[in-house]
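**Q** What follows is a single structure, and I will ask about it in a moment.
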Ligand SMILES: *Cc1c(COP(=O)(O)O)cnc(C)c1O
């Protein structure tokens, strides 16, 4: 692509052939190129009216009756079942509620309790998003285990008969690297350890295959590629065959077998429900439920194919538009190692991102020198990609 008009022509062709292109109209978007859906997904167009109905009619008119009549009480497991097909899980294994941080805590302590007393070590992805590392450290202290941070590539060698559980990220939040979930899960199992995965940067962008690959526990947030809205509740997956052994460290009354029995003694509910804690945050939860409607008729395989085409095209356009040597991609070139974002290392990245945003290209900056661009296949097109790379070239040249 030596001729700079060529990427624009290629973008036109790719957009014309894109079967997912019509999905963009399901979202509220403007002239900005929005490449931050890996941090906060865009607003689906029908959500405001649905939220208004929840507030005005369900809360305003029906009041307490809505716990039953509007399905509020069962929302955590109902919405979990709607997320399930997006992450390759059969129904009855996911509950929605609390933040990702809180669910990491539940999953890790639950995993250590399943693993048994003779396993005294907890492995955590050393490159993880900080909250996972902080919570893992506290979970280790509380359960009397030693926390060992290791890079995902070192996990197979670090696993041993001492390992209780491993907490890994499916996609690295900084570099966009996709880790080998099937192989790392199998390695954990071969060592007799419990495999816990954080899906924050993969769910909604690529196939996960939780059931197929025998993942034990998983958590993820819903405000990134699932477009659930700021602070939308996260989710917890507990594999069906482990549910009876899942002993939650936060056994709130919502996870009781008989929550309205108001009994002094605790008895965990059967199934995924034991991952619940307290009263669900209904307003955000039902905004999320409405947001999930955009997935109707959408295949995750098609989303993955478009995501790879978008990130490939972005890397090509960056090569065409950005003078050589000014940026370096931290995102693997190999498809099987790439999530749905591209991270470019560049000097003064914070300043560069501010100038990009001022020119209508929204990505984000990660300390100290990373420009992060997230590609949400449901609403990002190839012309957006071409424009983003072109503006980046202009900003860096100027
Ligand atoms: C986004 C993200 C989180 C967010 O956690 P919250 O509790 O929702 O703030 C956690 N872990 C990872 C890997 C993330 O990417």
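Just so it is clear, glycine is given a Cβ too, placed from its N, Cα and C backbone atoms.
Checked TrEMBL, it gives:
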type	residues	note
BINDING	100, 101, 129, 130, 131, 132, 198, 201, 223, 253, 279	pyridoxal 5'-phosphate binding site
MOD_RES	224	N6-(pyridoxal phosphate)lysine
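I'd like these features described in context: how deep, what's nearby, how far apart.
**A** In the three-state DSSP scheme, residue 100 (pyridoxal 5'-phosphate binding site) falls into the helix class. Every protein chain considered, the tally of other Cβ atoms within 10 Å of the Cβ of residue 100 (pyridoxal 5'-phosphate binding site) stands at 24.
The number of other CB atoms found within 10 A of the CB of residue 224 (N6-(pyridoxal phosphate)lysine), across every protein chain shown, is 27. The DSSP secondary structure for residue 224 (N6-(pyridoxal phosphate)lysine) is coil.
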**Q** To the nearest whole angstrom, state the Cα distance for the pair residue 131 (pyridoxal 5'-phosphate binding site) and residue 224 (N6-(pyridoxal phosphate)lysine).
**A** 16
**Q** Give the distance between the Cα atoms of residue 224 (N6-(pyridoxal phosphate)lysine) and residue 100 (pyridoxal 5'-phosphate binding site), rounded to the nearest whole Å.
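**A** So the alpha carbons of residue 224 (N6-(pyridoxal phosphate)lysine) and residue 100 (pyridoxal 5'-phosphate binding site) sit roughly 12 Å from each other.
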**Q** Let's check the environment of residue 223 (pyridoxal 5'-phosphate binding site): how many other CB atoms sit within 10 Å of its CB?
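**A** For residue 223 (pyridoxal 5'-phosphate binding site), the count of other Cβ atoms within 10 Å is 24.
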**Q** Which secondary structure state does DSSP assign to residue 279 (pyridoxal 5'-phosphate binding site), in the simple three-class scheme?
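**A** In three-state terms, residue 279 (pyridoxal 5'-phosphate binding site) counts as coil.
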